[in-house]
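What follows is a set of notes on a single structure, which appears directly below.
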Amino acid sequence: MKLNVLKCHGSGNDFLLIDELSNPCTFTEEERQNLALSLCDRQKGIGADGILFVLESKRCDAVMRVFNADGSEASMCGNGLRCVGRYVCELTGRDSIVIETMKADLKVASAPSIYDDIPTYNVEISPVYFDLDKVPMNMEHSQVIDQKIPEISDRLQFTVLAVPNPHLISMVEAGSIISNEQKQISETVNGPNNLFPDGVNVSFVHEIGKGSIYVRTFERGVGFTNACGTAMSASSLVTCLLGLNEPGEEIDVFNNGGKVRVVVNRKDTGEYFMELIGNATYLFEAELQLTLSEPENFEILSQTDLNEEAAYGLLQDHAKKVVDRKIFTNA
Ligand SMILES: N[C@@H](CCC[C@H](N)C(=O)O)C(=O)O
């Protein structure tokens with residue numbers, strides 16, 4: 001079969017978007033999984049952190065399904081939702097829509113450029129759960145907020161939450177923002193383990209200053225990525241819980257792929273939801289020839305560059321300068 005894919009990214013967290021609205025195709029669950037495994041492979045495939053399938057919805061403007069590079073399906077993807085949101089907004093000629101995801105219908109709206117002329121979208125990150133059985137995490141407490149988890153570190157403190165995909169978050173000092181300990185913790189909780197039966201996205205957060213943080217994330221099903229949108233939203237919420245930032249105020253979130261902005265909102269009911277604001281950048285479109293039984297033997301029939309990377313590069317240079325200055329040289 002012929003399959004069109006759009007390579008896109010949010011903060012350098014890159015995806016292959018497959019549009020099942022305009023190109024009706026039906027995939028079994030196993031075929032979706034195998035497409036993710038084959039096409040996301042950075043050596044033998046096209047290379048990406050995941051696949052975003054865009055399907056028809058009965059109640060919203062579209063459905064987004066997210067498959068990680070290892071073929072597992074995730075309930076949400078914040079950076080991916082900005083890309084899908086842009087795609088569906090452009091397809092429907094609207095600037096605000098609602099996308100159905102595995103656990104929630106989420107608002108997406110076009111937003112003023114985050115930096116120069118970069119297509120920017122504001123996406124809702126919700127619902128938020130702290131109950132460990134919703135994460136899921138096996139521990140005797142009902143919640144873990146800024147606490148030690150001796151099974152994984154005798155030094156760091158963690159907060160556990162679902163937004164609604166699972167996140168384990170620790171605040172760290174600039175000097176330990178990248179360490180072997182982080183890799184070891186992340187691999188432990190994402191391998192066979194008793195605490196997180198479904199694995200968990202793990203983030204290490206450094207407070208740069210009021211309204212400004214840096215987040216490094218090991219994504220479940222992928223490994224360390226340039227950025228993870230739900231992780232940056234969850235991390236921003238954690239900094240509000242710890243009194244470092246305030247709900248309702250913008251937080252600049254720096255990452256290895258650039259920068260986003262997050263606003264943590266607290267409803268009258270006490271529930272939280274976040275607005276994740278950042279780029280939705282298109283890299284190229286490609287037409288592939290493949291058979292679904294052996295997607296690893298795909299062939300690229302044509303590829304068209306979409307020339308948005310140079311504009312994004314300016315944001316990336318700015319973010320890198322801030323991160324190098326504030327974290328790595330500690331000036
Ligand atoms: N990159 C995403 C999250 C993708 C799913 C995640 N790896 C999981 O398994 O929960 C984001 O931007 O939020």
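Just so it is clear, glycine is given a Cβ too, placed from its N, Cα and C backbone atoms.
Annotations in TrEMBL come from automatic prediction, not curation.
Here TrEMBL flags Cys77 as active site. Sequence-distant contacts of Cys77 (active site), defined by Cβ-Cβ distance under 8 angstroms and a gap of at least six in the same chain, are Phe15, Gly50, Leu52, Met64, Val66, Asn165, Gly229, Thr230.
The feature active site, proton donor is assigned by TrEMBL to Cys77. In the three-state DSSP assignment, the secondary structure recorded for Cys77 (active site) is coil.
Summarising the annotation, TrEMBL assigns active site, proton acceptor to Cys228. The secondary structure of Cys228 (active site, proton acceptor), as reduced to three states from DSSP, is coil rather than helix or strand. Cys228 (active site, proton acceptor): 33 other CB atoms within 10 A of its CB, across all protein chains.
Here TrEMBL flags Asn13, Asn68, Gly78, Asn79, Asn165, Asn201, Glu219, Arg220, Gly229, Thr230 as substrate binding site. Under the three-state DSSP scheme, Glu219 (substrate binding site) falls in the strand class.
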Inter-residue Cα distance where the pair is Glu219 (substrate binding site) and Cys228 (active site, proton acceptor), in Å: 7
Extent of the substrate binding site in Å [max Cα distance among Asn13, Asn68, Gly78, Asn79, Asn165, Asn201, Glu219, Arg220, Gly229, Thr230]: 16
Which of Asn13, Asn165, the listed binding-site residues, has fewest other Cβ atoms within 10 Å: Asn165
Glu219 (substrate binding site), number of other Cβ atoms within 10 Å: 28
Intrachain C-beta neighbours of Gly78 (substrate binding site), sequence separation six or more, cut-off 8 angstroms: Gly10, Val123, Ile125, Cys228, Gly229, Thr230, Ala231, Met232, Ser233, Leu276
